[in-house]
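Report on one structure; see the data block that follows.
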Amino acid sequence: MKHIKQPAIDTQIEDGRIRTLVEGMLSEIRANGEDAVRKYAADLDGWTSDFALSDEKKQRLIAQVPQQTRDDIGFAFKQISRFAKAQRGSIQDFQIDTEPGVTLGQRCVPVDCAGCYIPGGRYAHVASALMSVATAKAAGVPFVVAASPPRGDAIDPSVAYALDLAGADVILEMGGVQAIASMALGLFGARPADILVGPGNAYVAEAKRQLFGEIGIDVFAGPTESAVIADDTADPMTVAIDLLSQAEHGTNSPVWLFTTSPELSETVARIIPKVAADWPTGEVALTAWENFGEVILCETREEMAAVSDRYACEHLQVQTADLDWWLNRLRNYGSLFLGEGSTVTHGDKCSGTNHILPTRQAARYTGGLNVMKFLKVLTWQEIKTDADPEMSAVASRLSRVEGMDGHARACDWRLQKFGGQTSWDFEVAHQVRYD
Ligand SMILES: NC(=O)c1ccc[n+]([C@@H]2O[C@H](COP(=O)([O-])OP(=O)(O)OC[C@H]3O[C@@H](n4cnc5c(N)ncnc54)[C@H](O)[C@@H]3O)[C@@H](O)[C@H]2O)c1
Ligand SMILES: [Zn+2]
């Protein structure tokens, strides 16, 4: 494997700066609550109005949304909900009788309240509003709080429409770390969230990371990443456009090309600046390409697969002759886009799979947002008093192997009470009981 193009910037230094800054903001908000949030919203976003979006203002915003946009948001909502509901159907409650009188079960119970962050700094992330809220609702979450940074004197009207359509119960016009903290702590009349979901910039992703434990989070969904795997059958122009289209997310959005074709790698690197020349967002995309773009030339498809799995990219496109081989072989990615007909934009906006996906190699251990993230898989059991006593006898003996005599006695008591077996002198227990 050979690096044809390397990134120009070291992300480690930036990570340390953001970690410290977010730590300070969260502790300030814990100490001074809503006052601290108001200060950050004013300083960072120039916002000094109320945060909770009133019904009257929401209706005014929604009225501004053109019919075509409503229809398109409706289309995306339908696709995303269909996929999410199919996911919900794929995980079931069940119970199983493992022995006579022994029943074990699983129940999938949604969290009470989800906090959904919808980014809105550089772009109005309309689709993100659907991805999080519609998925939470498909999972059966009864109460959803959403927060999105205001753009001018309100959140984006199309975001307001999408949030309303998807069923958000409370909407906060607020962005960044302060919005994440407000949803976690239940400030400004919002219920404290049990889980925080949604993508965001490096500050937002870091705030979620630091709050994890105290509150659930979906995934580490920071600045967008994209990679293309291409062999010599791929069209260099399609590859260049696809890489640039995702680099558009922000100047810290890396894009990677893994290829076995020296010609393709050379052509793509050469044409990228020319392709971006007339894009309205070309400067952002090109800066991201310069700062973080990488091109890696591999000897074989096996080596490409290994490199790709190591990068564990958020979005992964495959433009090769042998798509089935790749689908079966690849193990680490947030979402996979197979063939030249699929591009990340399809999944980002409306095809139906979720676009809130793991970044920074988190795809090694998790997929993206899905209904399961909002569900707790709870287990239960009923061991009948006339069940085979062996269950209690084994539990008792294993407890003593571990040195836990109290645990053992909880079973010994039952063995004696229901099975007539004695392995312990029950005199004291009887005395206490009949005193
Ligand atoms: N991983 C995913 O699934 C996924 C999906 C879509 C978008 N994204 C990412 O979401 C991000 C959206 O970023 P964005 O910035 O446009 O919107 P954002 O809403 O995430 O962030 C805007 C907020 O950041 C805060 N902020 C800005 N500068 C700050 C500073 N110096 N210190 C503290 N806080 C500051 C402000 O309060 C502002 O409201 C992009 O990085 C994009 O790549 C990721
Ligand atoms: Zn994207």
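A Cβ is built for glycine as well, from the same backbone N, Cα and C atoms used for every other residue.
Those TrEMBL annotations? Automatic predictions, nothing curated.
The active site, proton acceptor annotation in TrEMBL covers Glu314, His315. The annotation NAD(+) binding site is assigned in TrEMBL to Tyr117, Gln178, Asn201. Taken from TrEMBL, the feature substrate binding site covers Thr224, Gln246, His249, His315, Asp348, Glu402, His407. Annotated Zn(2+) binding site per TrEMBL: Gln246, His249, Asp348, His407, in sequence order.
Close to ligand 2, meaning a Cβ under 6 Å from one of its atoms, are these of the recorded positions Gln178, Thr224, Gln246, Glu314, Asp348, His407: Thr224, Gln246, Asp348.
Checking the recorded positions (Tyr117, Gln178, Asn201, His315) against Thr224 (substrate binding site) with a 10 Å Cα-Cα cut-off leaves Asn201, His315. Each of the recorded positions His249, His315, His407 was scored by the number of other CB atoms within 10 A of its CB, and the lowest score belongs to His407.
His249 (substrate binding site) and His315 (active site, proton acceptor) are 13 Å apart (CA-CA, integer value). Comparing the recorded positions Glu314, Glu402 on other C-beta atoms within 10 angstroms of each C-beta gives the minimum for Glu402. The most crowded of the binding-site residues listed here (Gln178, Thr224, Gln246) is Gln178, judged by how many other CB atoms sit within 10 Å of its own CB. If you take the Cα of Asn201 (NAD(+) binding site) and the Cα of His407 (substrate binding site), they are about 49 angstrom apart, rounded to a whole number. Here Glu314 (active site, proton acceptor) is positioned 11 angstrom away from Gln246 (substrate binding site), judged by their C-alpha atoms. Highest local Cβ density among the binding-site residues Tyr117, Asn201, Asp348 belongs to Tyr117, counted as other Cβ atoms within 10 Å over all protein chains shown. When the Cα of Tyr117 (NAD(+) binding site) is compared against those of the recorded positions Glu314, Asp348, Glu402, His407, the shortest separation belongs to Asp348.
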